[in-house]
Amino acid sequence: MESVQEYFKFTSDITMANWAALGSIILPNAGGWANGIYFAGQIRKESEKAWYDTLKKPSWNPPKWVFGPAWTVLYSGMGYASYLVYEECGGFKDDAVLPLSLYGGQLLLNWGWTPIFFGLKDFKLAFIEISVLSGAAVATAASFAHVNKTAGLLMLPYLAWLAYASSITYYIWKNNPKEIKDEKKE
């Protein structure tokens, strides 16, 4: 009898899951995963050296395996931060409109960097884009912090990673001649 009661408590706990919080965490990850899957061939190939491997990268460039886990954590943190703002404001209402709109805009910019860098192979444009993204992310973090301090703090690792990623993008732009990029587009 006790196991039946435990089962129903467990299933009750599942239905009590905070689906809004889970959705806010999954949404930013979905865009990142979609980009990762679509552009995986630029980064990882079985039979030959991938295009990304041919680039001159800085000594502080992390190993390729770091990007997936790092972005999963970062997207999850910023997604949960957006949920905290949404909850604090009682939904997408007056006080939530600006911070959540900024969040949506910076998230679109975030997702846009990968096609520019890996699809277009335009490093200059990728650097400009990540610079604009960084400004939008700072504005988002500040607006989140105004509504909910924890939400603002959850954005800090993302801002740090954007600074790091910007430095890598800048280095790659400045140290890989245009001819190499154009050859690889064909």
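Glycine is no exception: its Cβ is also placed from the backbone N, Cα and C atoms.
Per TrEMBL, the range carrying the annotation transmembrane segment out of 14-34, 98-118 is 98-118. Same-chain residues lying 6 or more positions outside the transmembrane segment (98-118) and placing a CB less than 8 Å from one of its CB atoms are 28, 31-32, 34-36, 39, 42-43, 52, 78, 81-82, 85-86, 92, 125-126, 129-130, 132-133, 136-137, 139-140, 143-144, 146-147, 169.
Beyond its flanks by at least six residues, the transmembrane segment (65-86) meets 20-21, 24-29, 32, 36, 92, 96, 99-100, 103, 107, 144, 147-148, 150-152, 154-155, 157-158, 161 of its own chain at Cβ-Cβ distances under 8 Å.
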